[in-house]
Amino acid sequence: MAQNIGKVVQVIGPVVDVKFQKDKLPKLNNAVNIELNGHTLVIEVAQQLGDDIVRCIAMDSTDGLMRNQEAVDTGSAIQVPVGKATLGRMFNVLGEPIDGKPFDTKDVVMHPIHRHPPSFEEQQTQPEMFETGIKVVDLICPYVRGGKIGLFGGAGVGKTVLIQELINNIATQHGGLSVFAGVGERTREGNDLYYEMMESGVINKTALCFGQMNEPPGARMRIALAGLTMAEYFRDDEGQDVLLFIDNIFRFTQAGSEVSALLGRMPSAVGYQPTLATEMGALQERITSTSKGSITSVQAVYVPADDLTDPAPATTFAHLDATTVLSRAITEKGIYPAVDPLDSTSRILDPKIVGQEHYETAREVQEILQRYKELQDIIAILGMDELSDADKITVSRARKVERFLSQPFNVAEQFTGTAGVYVTIGDTIKGFKEILEGQHDDLPESAFLLVGTIEDAVVKAKKIKG
């Protein structure tokens with residue numbers, strides 16, 4: 001079959017216009033190849049302008065590209081490898097390995113990155129809790145199987161370690177796989193994550209794909225779709241429960257806004273693209289549970305200037321089922337994971353879904369921590385002695401609850417020297433209930449720090465007492 005060849009007519013940064021023969025225009029989202037400086041530059045069709053010209057977005061640098069160069073329509077969208085061959089490997093937006101190891105493409109299945117979301121009939125509509133084995137997450141902001149979770153936190157509060165522990169737990173306890181999409185990531189962070197995963201041993205259950213900060217907006221826009229396509233294969237063809245990490249979802253929106261004006265669109269609020277909600281919806285609607293398996297997505301959310309009303313985070317919030325907020329104030333107390341139990345939320349923390357006992361225990365934990373927070377000013381000024389007996393008991397139990405929300409992680413074992421633990425939701429509820437009921441008022445609060453179950457705390461207390 002003869003190749004469909006066009007000619008480059010205009011280059012504006014990452015946006016390239018190509019003229020094709022009449023009646024031979026490539027379809028929207030098709031990949032078009034241009035030979036440039038000894039390698040193939042891939043551009044993706046974004047618009048058909050009339051006069052047989054298509055406007056495309058480049059997936060790599062357009063340095064050195066000239067008018068009248070030949071451009072070949074591939075006839076399909078950008079394709080990435082899927083399946084077992086991707087595990088333990090790192091790819092770019094075009095599905096090319098970037099970890100420096102050989103990659104045999106002979107029997108590898110390739111899938112296009114643009115796909116339709118599952119139909120309503122295929123989706124599983126019954127909300128179901130996804131057990132992570134992390135006490136504070138399961139109790140306070142339980143994740144929905146096939147849901148979307150927003151992970152909020154500044155630098156150095158433990159986002160990466162929490163992500164690694166989730167990858168480890170889904171691999172060891174659920175036999176599941178993970179896909180990590182680095183969207184507009186710092187190259188250094190991606191590099192650190194890769195080597196940390198190799199050290200902690202979870203790399204073989206994970207596929208990684210990166211569109212780094214230094215890459216053109218086209219690559220950063222599409223890398224989330226590349227990662228999602230890899231995850232969809234594990235869900236649909238292998239019936240797996242998959243964890244999909246997107247770090248950072250804001251960069252996906254940011255990349256879209258960078259090319260929006262060059263594509264000739266009028267900017268909307270705060271200079272964002274007018275198609276913001278559509279682009280976000282196209283990505284998020286593909287992340288769901290089906291009758292075959294599920295994709296549960298954890299998305300790191302950067303909030304520009306801490307303004308939650310900014311259109312980018314505000315559009316993301318509309319899709320989230322749960323939010324996990326990491327707090328620097330909690331890391332300063334030495335409590336890890338540093339999840340803020342008063343700021344984190346979940347749509348399924350509802351007695352109809354998680355059960356009455358779970359719901360009541362979670363709410364009581366939040367109530368006692370809130371009361372402790374209110375009393376802290378009094379304690380700071382007047383000291384503990386000025387509190388009523390009831391408030392003294394509240395403070396004592398709240399401090400134990402606060403410490404019991406911490407837990408040793410498997411992936412941090414080489415730093416802490418403490419073996420990590422996976423705690424079932426039943427054990428989690430039982431432990432917090434016993435503390436709230438006052439069954440462990442006689443134990444020192446240090447016994448509750450970095451332990452798994454309540455039985456572990458009792459054993460630790462005996463060791464402390466000698």
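A Cβ is built for glycine as well, from the same backbone N, Cα and C atoms used for every other residue.
Note that the structure is a prediction, hence the values are computed from the model and not measured.
The feature ATP binding site is assigned by Swiss-Prot to GLY153, GLY154, ALA155, GLY156, VAL157, GLY158, LYS159, THR160. DSSP assigns GLY156 (ATP binding site) to coil in the three-state reduction, placing it in neither a helix nor a strand.
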Original post:
Would you say which of the binding-site residues ALA155, VAL157 has the most Cβ atoms within 10 Å of its own Cβ?
Top reply: VAL157
Subject >> binding-site residues compared (GLY153, GLY154, GLY158, LYS159, THR160) - the one with the fewest other Cβ atoms within 10 Å >> reply: GLY154
Original post:
What is the total of other Cβ atoms whose distance to the Cβ of GLY156 (ATP binding site) is within 10 Å?
Top reply: 11
